[in-house]
């Protein structure tokens, strides 16, 4: 009887899914879907060409669609009347295609863009430090040897997305901590495993995490790109769930260390093993997902932004490259440096006085040039100056020099390559020099995933470029070439490195 019930339930689900999906076509490069849809297939008919795909969930902000290897997804058009479908799993209200080679096609007719779209089961859900529980039995969640958790979210803060700790010790917890996705899982062996991926995901934009468990393999993909994978510990491989799982929060006083307590932001999708968990969210008022957009700007190489000193604390958030630079320069009316906050080769923060040559070094674990978002706050109280990073005082100065700086301070200058945002500084109006982009962060992570081959180490040097530190025996932009083109003693380049 149970088997018959499951088969009928499965048939009912499949029938519903098929009835809610349809094929739509557009004689244009932009497809406006009217509301949020799940896109399952893409086909392009027209003159022979190749196209990249971009999607927008809300606000008309388009993001490029990537393959799991980190390369942009490319769809090729066909002259045939029979669609050549490319299967995808995308959530979008708009989709557009662009020529993959960047060639203008003004004199060519628009291609025929065909999509298979499905209605979403639940609207975008807003979380404001609130959470809800889902009864796993009513939701149809059962123990499985293969599991997949997909979450599409946006936020400016750390938070827990999904929480389940079963009585027998099985664990599945997904959270965002300082812009990085952390997933903790345990299949009942009482030896939890951790897998992390992503960077600067607390930027207020839409992101997708996909945790995929296939028996002996666990992968974590961010925005379609597989960034990390591991093998579970212990002997067990079946994941059991608690009779109630928590969405956007966790129970109080349970696994509190290292686990966020709640989530503030929006979720457009939270699906576990094909079960839409957002459909169980309470609908009280139908709040819209409205993320604040603080004034922001992007500084390129040899660029600076000048902010007149008016009040303290002076606060902003930043995301910079791991290269030596002057993060903040405090200058007088003659544009002479009084005090500097710098970043050295080891990504360590320094406080340097231009007059007394005093230099203070922050703790090495305070790394601000890791590609993630960090908060900066400058405070002066009497004869004490403090620099706070992410809410912690990491640099300070006391004495008469602080009073001198306070009396002569005229402007604060930002010059590190990267992005800046603030709710108290109008970056749209500040005076700038060099190449500066206002109104957004144009920093793209060139090392995630790493383009370096043969165990090379990737480091981003500019907003558009990176370098690879190659292992012995390899060279080239991506460490893809071997110095031993003709094998020495019968050993290849890789074999020689292995035998050393």
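Keep in mind that glycine also has a Cβ here, set from the backbone N, Cα and C atoms.
Any TrEMBL annotation is an automated prediction that lacks curation.
Given the structure is predicted, the values throughout are model-derived calculations rather than measurements.
Marked as disulfide bond by TrEMBL: 470-479. Sequence-distant neighbours of residue 479 (disulfide bond) (same chain, 6+ residues apart, CB-CB distance under 8 A): 452, 453, 454, 455, 456, 468, 470, 471.
Taken from TrEMBL, the feature domain 'Laminin G' applies to 123-289.
The domain 'EGF-like' feature in TrEMBL is assigned to 443-480.
For 1-19, the entry in TrEMBL reads signal peptide.
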Kindly assign residue 479 (disulfide bond) to one of the three DSSP-derived states: helix, strand or coil. coil
Residue 470 (disulfide bond) has how many other Cβ neighbours within 10 Å of its own Cβ? 21
